[in-house]
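Peer 1: Below: one structure in structure tokens.
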């Protein structure tokens with residue numbers, strides 16, 4: 001059986017820009033993408049902690065070290081600069097892959113700098 005699991009999460013990112021006239025997506029500092037293994041053009045789910053909006057888009061790699069979190073296109077209507085968001089990817093895993101799956105989670109500060117990497121291995125099915 002194939003099931004869908006969280007694969008990576010960027011927790012408490014702050015929106016730095018919003019660009020309605022750009023062609024879709026979210027631009028994220030490439031250093032942050034590397035830390036949680038999110039690739040350019042990968043589908044992401046986003047939750048806005050300020051207004052409860054949940055939506056999906058795809059990723060564009062932003063300038064390294066910039067702290068950039070820019071919602072582009074229609075998604076920009078769902079955020080304000082300064083809003084706190086959570087960005088997640090998911091992976092579809094078979095039963096063998098589920099046991100060793102360990103999501104990557106980066107917790108950010110108010111400047112979108114990584115302050116903690118959380119090992120989600122303790123919360124995986126191998127420990128249930």
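Just so you know, glycine gets a Cβ as well, placed from its N, Cα and C.
Residues or ranges marked as active site, schiff-base intermediate with substrate by Swiss-Prot: 25. According to Swiss-Prot, the pyruvic acid (Ser) annotation covers 25, on the basis of sequence analysis. Marked as substrate binding site by Swiss-Prot: 57, 73, 74, 75. Annotated active site, proton donor per Swiss-Prot: 58, in sequence order.
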Peer 1: Cα of residue 73 (substrate binding site) to Cα of residue 25 (active site, schiff-base intermediate with substrate): how many Å, rounded?
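Peer 2: It is 7 Å, counting Cα to Cα.
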Peer 1: At the level of the C-alpha atoms, what whole-angstrom distance separates residue 58 (active site, proton donor) and residue 25 (active site, schiff-base intermediate with substrate)?
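Peer 2: It is 5 Å, counting Cα to Cα.
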Peer 1: State the count of C-beta atoms found within 10 angstroms of the C-beta of residue 73 (substrate binding site), not counting that atom itself.
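Peer 2: Its Cβ shell of radius 10 Å holds 16 other Cβ atoms.
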Peer 1: Once 57, 73, 74, 75 are set aside, which residues in the chain still have Cβ within 8 Å of the Cβ centroid of the substrate site?
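Peer 2: Checked against the 8 Å cutoff, the neighbours are 24, 25, 26, 55, 71, 72, 76, 77, 78.
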Peer 1: If you measure residue 74 (substrate binding site) to the residue listed as 'active site, schiff-base intermediate with substrate' at Cα, how many Å is it?
Peer 2: 9
Peer 1: Counting Cβ atoms within 10 Å across all protein chains shown, which of the binding-site residues 74, 75 comes out on top?
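Peer 2: The residue with the densest Cβ neighbourhood is 75.
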Peer 1: Taking the Cα atoms as reference points, how far is residue 75 (substrate binding site) from residue 25 (active site, schiff-base intermediate with substrate) in Å?
Peer 2: 7
Peer 1: If you draw a 10 Å sphere around the Cβ of residue 58 (active site, proton donor), how many other Cβ atoms fall inside it, taking every protein chain shown into account?
Peer 2: 15
Peer 1: How far apart, in angstrom, are the most distant Cα atoms among the substrate-binding residues 57, 73, 74, 75?
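Peer 2: Answer in Å: the longest Cα-Cα distance is 10.
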Peer 1: Between the residue listed as 'active site, schiff-base intermediate with substrate' and residue 57 (substrate binding site), how many Å separate their Cα atoms?
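Peer 2: Cα-Cα distance, the residue listed as 'active site, schiff-base intermediate with substrate' to residue 57 (substrate binding site): 5 Å.
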Peer 1: List, in sequence order, the same-chain residues at least six positions removed whose CB sits under 8 Å from that of residue 57 (substrate binding site)?
Peer 2: 24, 25, 26, 43, 44, 46, 71, 72, 73, 75
